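Working notes, structure below.
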Amino acid sequence: MLLEQLKQAAEQRHALALTRRRRIAHTACAPHQAVGEEGTESESLLTFCSNDYLGLANHPQVIAALVEGAQRYGAGSGASHLVSGHSLAHAQLEAELARWFAPHIAQARTLYFCTGYMANMAVLTALGAAGATLFCESLNHASLIDGARLARADVQRYPHCDTDALQALLAASTSARKLIVTDSVFSMDGNVAPLRRLLELAERHDAWIVVDDAHGFGVLGEQGHGVLEALGLSSERLIYIGTLGKAAGVAGAFVAAHATIIEHLVNTARPYIYTTAAPPAVAHALLASLAIIEGDEGRQRRAQLARCIATLREGLAQLAASAGWTLGDSQTAVQPLIVGDNGAALALSAALEADGIRVGAIRPPTVPEGTARLRITLSAAHTEADVRRLLEALSAAVAQREAA
């Protein structure tokens, strides 16, 4: 019975052009990457779908630090953080990140997690106790949605970036613990949440803000410290979650918050307590990555990323209008080209791959029905010539479609 049910579900996904499949990367994460299917030869594709925004995943200094960390600490941690798996490298990483966020969060401490998904789940389940209310942005990442579902708190959703609707919900709430939960840079749209206004509402209504800055950390701000630095925000009411497997180029995530909140997470957050700690070598590599992000090279890489974004948007503006597509209102590394139909998005992605370019087609349920899209992501490792090559391939795909 179970297998028949699952086969029927698979057939339904296929009929709706919603089947997902994995590809195999044969080389390091980089703009030009060898990609193949299981049992087939790989081919080199110009890739615009990774989240390696600063091009650090293949940086020689980060790789060298990873090797050095493995030689010093071994391949694995051997236990959870609260048993014997918390290494000097983990402690040094948390201390360095706490320094970064001291200007923005009173009595800042940080806590390192194996993944961003775990960090989001941990914060919402540990703080979303019975009697609390989570006020969740409608386009939050799946990990925030799942964390809210597992929390014992009441959950109320507000429309995308609609601070008036949120204010009404906050004003009507009698909850003793209120948490506003939002992405900073929305992962499928690339736009930035109105965090300054959200913080004003939090202070007015005695609420706290949980900010998932997965796509802003390392990229936004003069030093790459993320959205709080970029907007000049500071408050003890901020609970910041940053990802270390995207712009930082390695793996994991962290929570930055008031020391009392971090201590609560250490003692009550099940995704932190009941899992083996990440390899210390990963934390050691991240220290090298953070030094690059904060230094002159990081500034240069962010400037290169900004040039690539400007080149792409200039070219896509005309192309999207002529093709009947919608270019999302994004100034970040995430550039959504909304096609609408699932099949059309898949066909466009396939046409690009036939031309040697890899861009993922994003479909429901990841995005709302009728908004299937190409999610184009840029990296500082891309050149402006790479971006122009993508624009040429998109133009050719449009011409081919019109000729048919």
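Backbone N, Cα and C atoms are what each Cβ position is placed from, and that goes for glycine too.
Note that the structure is a prediction, hence the values are computed from the model and not measured.
Pulled from Swiss-Prot, these are the features on record:
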BINDING   Arg20, His141, Thr366  substrate binding site
BINDING   Gly116, Tyr117, Ser187, His215, Thr243  pyridoxal 5'-phosphate binding site
MOD_RES   Lys246  N6-(pyridoxal phosphate)lysine
Given the pyridoxal 5'-phosphate site Gly116, Tyr117, Ser187, His215, Thr243, its other Cβ neighbours within 8 Å of the Cβ centroid, in chain order, are Asn51, Asn120, His141, Ser143, Asp212, Ala214, Gly245, Lys246, Ala253
Between C-alpha atoms, which of these recorded positions comes nearest to His141 (substrate binding site): Tyr117, Ser187, His215, Thr243, Lys246?
Ser187
Fewest other C-beta atoms within 10 angstroms, as judged across Thr243, Thr366, which are the binding-site residues:
Thr366
Which of the three DSSP-derived classes (helix, strand, coil) applies to Gly116 (pyridoxal 5'-phosphate binding site)?
helix
Closest of Arg20, Lys246, Thr366 to Gly116 (pyridoxal 5'-phosphate binding site), Cα positions, recorded positions only:
Lys246
Starting from His215 (pyridoxal 5'-phosphate binding site), work out which of the recorded positions listed here (Arg20, Lys246, Thr366) have their Cα within 10 Å, and give them in sequence order.
Lys246
Hey, which of the recorded positions His141, His215, Lys246 is the loneliest by Cβ count within 10 Å?
His141
Counting every protein chain present, what is the number of Cβ atoms, excluding its own, within 10 Å of the Cβ of Arg20 (substrate binding site)?
8
Going along the chain, which residues six or more apart from Ser187 (pyridoxal 5'-phosphate binding site) have their CB under 8 A from its CB?
His141, Ala214, His215, Val334
Measure the Cβ-based neighbour count of Tyr117 (pyridoxal 5'-phosphate binding site), defined as the other Cβ atoms within 10 Å of its Cβ.
19
If you measure between the CA atoms of Thr243 (pyridoxal 5'-phosphate binding site) and Arg20 (substrate binding site) and round to the nearest Å, you get 24
How big is the Cα-to-Cα gap, in Å, between the residue listed as 'N6-(pyridoxal phosphate)lysine' and Tyr117 (pyridoxal 5'-phosphate binding site)?
13
